[in-house]
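Peer 1: Here it is, the structure, as structure tokens.
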């Protein structure tokens, strides 16, 4: 018997490589494509901020348009998940609910509740994996039921699993013609809301527009330059380039507007035609595998997004300083490189991964010694590509709470940015108050004379703040704190430690570091 199906879009906001939507179409006589806009869930569980709201609504509008081209439509129903489902399952005589399988605790709980509702009301539930390269449970099973805690071990497990499943075929109008579409009046009743309908500020400065159509266009644009694809090495990209020096596809993967399996196999085809190409962990495919690594660890680690009760995370007595945290968040640290990054984040919802490294190190082990959980929450609110697993994993990494062990490498908030943008063009764009400073002062405007500050039209301490800390003193002190923590919690630190050095990290002043190591000293490198 063919089903009457509600297909629930959650994160797979696309029509290409959507295995559970394809299965729904093949098993149904009537299909209702539904997105439940549960505002309480999105704000409490996902902590979605204004820019991400814009991106989500744009993605839903694009999905509605693409469904319309195939003879269907998207129904956006506002309300609490269970209430909406209970009402419409009975109203539409639904016999099946299909949805994308996700690994976050709040999505797992939602699926469990839907299955309980199915048992009560008599409908079937089908969920399939489509947001990751692999079913993370298969990786856990091969690893004895626990997650591989190092990238090296993770790659070994993948070598036993083989390549990911191929993307499923594209959907066609014929697929939808076999199912009865929702009545057109429903599309008007359950239209995609505008930002103003949700009392969200209509202004959005982000250059990233949401949706599958935009994501696929960006994908094709990058893949057309096969030389760039084959030679891509993530550590060699530029954090303060005025245009993204990486793909900038992460928001589309995060929301499911783009399929990671599609990207993986398109890359494989390009690599197969090249004499030489970069390899994991720094290649483009390597970036997808890092994503998969964090997804796998997060799926089976209790309290992954917090320090307390997290078995792989060092337990650190971070400072609680609301004023300093606020200065960091609002780009008032007095370090132009840090403040420019935080300004770009707030305005556009995206920053380069090395820029993320710089501001995360500054907040945590580098300068302010404030918990990575606080930084994670800010990124969760402001980043378009905010992701439960990757966000928490990277914050643990960058605070040296887990995964990363070369904790003596501390990013200098002056020299790091200057290395790739000595003229300070990035700072001039995002901190226009400093744009008239000569290049020799742009990263350290407090070193300019009073007369030079007047000529630049910016008095430090009045128009732009003095540095909130002495970087050398703060980082030296924090380095000793971290060294003590790691000695006291050696067993926890070793859980996520690979035998080899971290291959992702940019290494500068390397010769001096290696010379010190060869003499038996611990080398501290500011990058």
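Note that Cβ sites are derived from N, Cα and C of the backbone, with glycine treated the same way.
Found this in TrEMBL, in case it helps:
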type	residues	note
DOMAIN	3-133	domain 'Photolyase/cryptochrome alpha/beta'
SITE	318	site 'Electron transfer via tryptophanyl radical'
SITE	372	site 'Electron transfer via tryptophanyl radical'
SITE	395	site 'Electron transfer via tryptophanyl radical'
REGION	487-527	region 'Disordered'
COMPBIAS	504-527	compositional bias 'Basic and acidic residues'
Peer 1: Can you grab the distance from residue 372 (site 'Electron transfer via tryptophanyl radical') over to residue 318 (site 'Electron transfer via tryptophanyl radical')? Cα atoms, rounded to a whole Å.
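Peer 2: Rounded to a whole number, the Cα-Cα distance is 9 Å.
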Peer 1: I'd like to know which of the recorded sites 318, 372 has the most other Cβ atoms within 10 Å of its Cβ.
Peer 2: 372
Peer 1: What mean pLDDT score does the domain 'Photolyase/cryptochrome alpha/beta' (3-133) have in the model?
Peer 2: 96
Peer 1: Rounded to a whole angstrom, what is the C-alpha distance between residue 318 (site 'Electron transfer via tryptophanyl radical') and residue 395 (site 'Electron transfer via tryptophanyl radical')?
Peer 2: 14
Peer 1: Long-range same-chain neighbours of residue 395 (site 'Electron transfer via tryptophanyl radical'), Cβ under 8 Å, sequence gap at least 6?
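Peer 2: The answer is 360, 364, 372, 373, 375, 376, 379, 401.
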Peer 1: Of the residues in the domain 'Photolyase/cryptochrome alpha/beta' (3-133), how many are helix, strand and coil by DSSP?
Peer 2: 62 helix, 32 strand, 37 coil
